[in-house]
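Each remark here refers to the structure printed beneath this line.
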Amino acid sequence: MNLRKMTELNITGKKILIRTDLNVPIKNGVIQSDARILAALPTIEIAIEKKAKIIILSHLGRPKEGCYTKKYSLFPIFEYLKKKLKKTKIYFSDNHLKKVEINSGEILILENVRFNVGELKNDENLSKEYANLCDIFVMDAFGSAHRMQSSTYGIGKFVKIACAGPLLISEINNLKKALKNPKRPMVAIVGGAKVSTKFNVLNKLAAISDTIIVGGGIANTFLAIDNKIGKSLHEPKFILKAKKLRDKYNNIVIPIDSRVGKNFSHKEKCTIKLSSNIEKNEEIMDLGDKTIKKIIKILKKSKTILWNGPVGVFEFPNFRKGTEMIAKAIAENNGFSIAGGGDTLSVIDMFQIKDKISYISTGGGAFLEFIEGKKLPAMKMLEENFHK
């Protein structure tokens with residue numbers, strides 16, 4: 001990669017604009033999970049130590065562009081960081097055009113970039129306004145690296161120096177570790193609702209993995225190739241594509257038994273049945289015990305594990321066993337494990353295995369697009385800026 005790295009630049013006394021990912025769940029002004037903030041902190045702390053003048057940009061949620069909405073404000077994150085970085089002076093501004101002077105080693109947090117008209121459409125004028133705020137732009141938001149927006153892409157055209165932050169570099173290096181010359185056997189676990197959103201990822205992973213395990217609605221679409229699956233969530237239009245993929249690689253583990261229920265409900269009781277024996281009024285909501293046992297056996301032997309998505313409706317107590325047992329098997333594995341995607345992070349939090357996964361990615365869409373082999377717009381921007 002031909003790009004600049006923040007750690008290789010002299011940032012002392014310079015105004016640096018860090019585009020980070022502080023898109024955390026907030027309920028009634030209270031942060032529900034600080035995982036992304038904690039991931040972003042080391043970069044901020046390096047900048048403080050180097051006595052840079054630090055300006056922070058981030059998005060939060062999906063507000064209506066141009067409209068301030070309190071529930072999407074970064075103010076709770078500003079308050080969180082004030083408590084976390086007690087020795088550092090931190091300021092907050094609700095307008096990126098409002099001039100706020102800060103000294104070396106101080107931080108200015110700007111309001112949610114998605115309140116700014118033109119952010120999502122990569123508006124040139126907004127990109128210029130961001131560029132005018134700094135001497136150096138630091139792209140550190142891997143979770144937004146797949147978005148061609150003003151604060152993640154457009155700014156690179158107008159800022160003199162754009163560089164990659166330590167978190168972004170770490171994300172890329174760890175994904176490459178899993179995807180290029182992984183220690184074998186390599187196992188990929190892909191769960192979630194829709195094959196359609198992850199088909200290209202499945203195709204890529206099936207080609208490079210020794211075994212690929214599918215779960216959730218994705219597994220149901222594979223099951224529907226040869227079985228009647230009642231009212232289970234699946235995508236009929238993708239059954240033929242799933243069949244071609246299965247037949248081409250012959251390394252996809254499809255559930256031999258499943259936990260089923262008659263109603264999609266938190267209190268629904270489960271029955272374990274062979275996946276070939278599902279009734280019309282039943283829906284598959286988790287893996288069965290035989291399948292779980294088979295998967296755990298595979299995971300015990302693996303040296304590299306890439307994990308994206310739960311394998312069942314883990315939010316329902318009676319349908320979380322598959323996801324829980326797989327999560328714990330990954331945690332007990334001594335090889336290299338990497339996990340990514342919003343629901344995957346929720347599972348990791350639920351079963352308290354954060355410290356037992358080798359690397360937890362902050363990316364969802366970016367994580368999947370990188371696996372697919374797509375060039376992420378943020379990486380393209382950094383390379384173009386390097387050659388300016």
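Cβ from N, Cα, C; glycine included.
Neighbour density for Gly61 (substrate binding site): within 10 A of its CB lie 14 other CB atoms from the protein chains shown. Reduced to three states, the DSSP call for Gly61 (substrate binding site) is coil. Marked as substrate binding site by Swiss-Prot on the basis of sequence analysis: Asp21, Leu22, Asn23, Arg36, His59, Leu60, Gly61, Arg62, Arg114, Arg147.
Taken residue by residue with DSSP, Lys198 (ATP binding site) is part of neither helix nor strand, so it is coil. The annotation ATP binding site is assigned in Swiss-Prot to Lys198, Glu315, Gly341, Gly342, Asp343, Thr344 on the grounds of sequence analysis.
Residues Asp21, Leu22, Asn23, Arg36, His59, Leu60, Gly61, Arg62, Arg114, Arg147 are recorded as binding substrate; their most distant pair of Cα atoms lies 18 Å apart. In sequence order, Ser58, Asn112, Val113, Gly143, Ser144 are the residues of the same chain, not among Asp21, Leu22, Asn23, Arg36, His59, Leu60, Gly61, Arg62, Arg114, Arg147, whose CB sits within 8 A of the CB centroid for the substrate site.
Of all Cβ atoms in the shown protein chains, 24 besides its own fall within 10 Å of the Cβ of Asn23 (substrate binding site). Distance between Cα atoms for Asn23 (substrate binding site) and Asp343 (ATP binding site): 14 Å, as a whole number.
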